[in-house]
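Asks: For reference, the structure I am asking about is given below.
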Amino acid sequence: MDSNTVSSFQVDCFLWHVRKRFADQEMGDAPFLDRLRRDQKSLGGRGSTLGLDIETATRAGKQIVERILEEESDEALKMTIASAPASRYLTDMTLEEMSRDWFMLMPKQKVAGSLCIRMDQAIMDKNITLKANFSIIFDRLETLILLRAFTEEGAIVGEISPLPSLPGHTDEDVKNAIGVLIGGLEWNDNTVRVSETLQRFAWRSSNEDRRPPLPTKQKRKMARTIESEV
């Protein structure tokens, strides 16, 4: 096993522990708590994949961080902060909408890279809006936290989420996954729209329905792909 992979996991475990202690003091805001919850799942998946105990890794990560801090000067820290590009966290959904459990009458699921696409194929003739919580950098989508499809009544009928065991995805991965979700939902004559926030940072152009252009043949091809691969 690569030593960098192990040490990276150890540092991530310790930093999560620090953030958890911070949250336990009721000092974290909604985006902070959301990332904390999702990173916990990610660490669990990585730990299982690597065969490493999280508690042991956390202690080792603490030693690594302490050693770095001992060698770090205040001036070097200022330079690092100044040179690092800043990302922003954008939210379409409330914490309740993100954490709400939902159920599917006719479940369909597809894994696309490091993203999992789920939808209820029993939903028909509905007006559906896609909402997402995500971070951006340089005015482009950086990391998808969670995307969900909502009916006008507020029911959740679809979802795109990162796989905890496979971290890392690009904005193109997200756009492709959204295309698959839209194609699957529209197969049952649903009308799908993308939220203005997601539209702005995921695509540079849109049609009058506030959603990315998607040819009919492409929609049908992606919908068939879901049915054939599940």
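Using the three backbone atoms N, Cα and C, a Cβ is placed for every residue, glycine included.
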Asks: Pick from 7-16, 117-126, 137-146, 177-186: which range has motif 'Nuclear export signal' per Swiss-Prot?
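Replies: Per Swiss-Prot, the stretch marked motif 'Nuclear export signal' is 137-146.
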Asks: Under Swiss-Prot, which of the candidate ranges 34-38, 39-43, 214-218 is annotated motif 'Nuclear localization signal'?
Replies: 34-38
Asks: Have a look at 87-94, 167-174, 223-230 and point to the one annotated region 'PABPN1-binding' in Swiss-Prot.
Replies: 223-230
